[in-house]
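Please read the structure below before turning to the comments.
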Amino acid sequence: MNELPLHLLNMRSLTRDHIEKLIQRANYFLTQGMEKNSVFETLKGHVVANLFFEPSTRTRNSFEIAAKRLGAMVLNPNLKISAISKGETLFDTIKTLEAMGVYFFIVRHSENETPEQIAKQLSSGVVINAGDGNHQHPSQALIDLMTIKQHKPHWNKLCVTIIGDIRHSRVANSLMDGLVTMGVPEIRLVGPSSLLPDKVGNDSIKKFTELKPSLLNSDVIVTLRLQKERHDNSVDIDAFRGSFRLTPEKLYSAKPDAIVMHPGPVNREVEINSDVADNQQSVILQQVRNGVAMRMAVLELFLLRDFRFF
């Protein structure tokens, strides 16, 4: 197994073995921890700082619950009234928090590669990228891979269709990287051409501009919201809704046992119909539940740095 990176900044830094072990450990935390309301002491005495420079409900709260279930102290600085608002640089703030004893820095930022820049400033702490611009969101990809494997355990037989604003989605970037690492043979990207990436970088990834053909024989369908905060208002939402909203009728084109996923937040009746979001094929809430368990596994691994402790 290749050496674990010092920080979790992107999915390409993880090997298939790393991902499989993290899924295995997260499933343990799901069944032996969350379902039994257990609290572990792996992170006892350690401080975790949630540094979210963009709004978040699922990711921030999920990391906080994960850290507390591992016994950590959690710091949620109000960044609007921090020294940053008085002119202190972000990197001086990071060094100050490290001097106070913060070990884990969970970072979400609107600018690409900010977590990487923060990691370069640390003496001994760990940075977990909780989403940077339209670049990467590795913990969400790990959650999605965990959820997929719970329903579809054979990576080499899967067809995964990702629908929506892929060009601006850090979730899509990380998930594509993870699916390629796991050996998924067919990954389909679907949306208007303006919302698809110019290059895909792997032969297993194909682009579609029509929804129904992209759903044929799909095992996994991932819907994504429009990232309106990352581009201008040139996207015609009504046109997008008419062509790319996942409805029960369109879902019939996929395999009967296909699962439907969404990383959230969900914009109902834009990228996904409520009847699909709430039906038996939807695993959206399972993704949320898996989020705490996977983030527990991530925090534990990047502290212990040894799979033998798993």
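Note that Cβ sites are derived from N, Cα and C of the backbone, with glycine treated the same way.
Computed from a predicted structure; not experimentally measured.
For the carbamoyl phosphate site, Swiss-Prot records Arg58, Thr59, His137, Gln140, Gly264, Pro265, and the single candidate of Arg25, Arg108, Arg167, Arg305 listed with them is Arg108. Arg170 (L-aspartate binding site) and Gly264 (carbamoyl phosphate binding site) have their C-alpha atoms 13 Å apart, to the nearest angstrom. Look at Arg108 (carbamoyl phosphate binding site): DSSP puts it in a strand.
Within the same chain, residues at least six positions away from His137 (carbamoyl phosphate binding site) with a Cβ under 8 Å of its Cβ are Asn129, Ala130, Gly131, Arg170, Val171, Asn173, Ser174, Pro263. Largest Cα to Cα distance within the recorded carbamoyl phosphate binders Arg58, Thr59, Arg108, His137, Gln140, Gly264, Pro265: about 16 Å as a whole number. Of all the binding-site residues given, namely Gly264, Pro265, the one with the smallest number of surrounding CB atoms inside 10 A is Pro265.
Cβ neighbour count for Arg58 (carbamoyl phosphate binding site) (all protein chains, 10 Å cutoff from its Cβ): 16.
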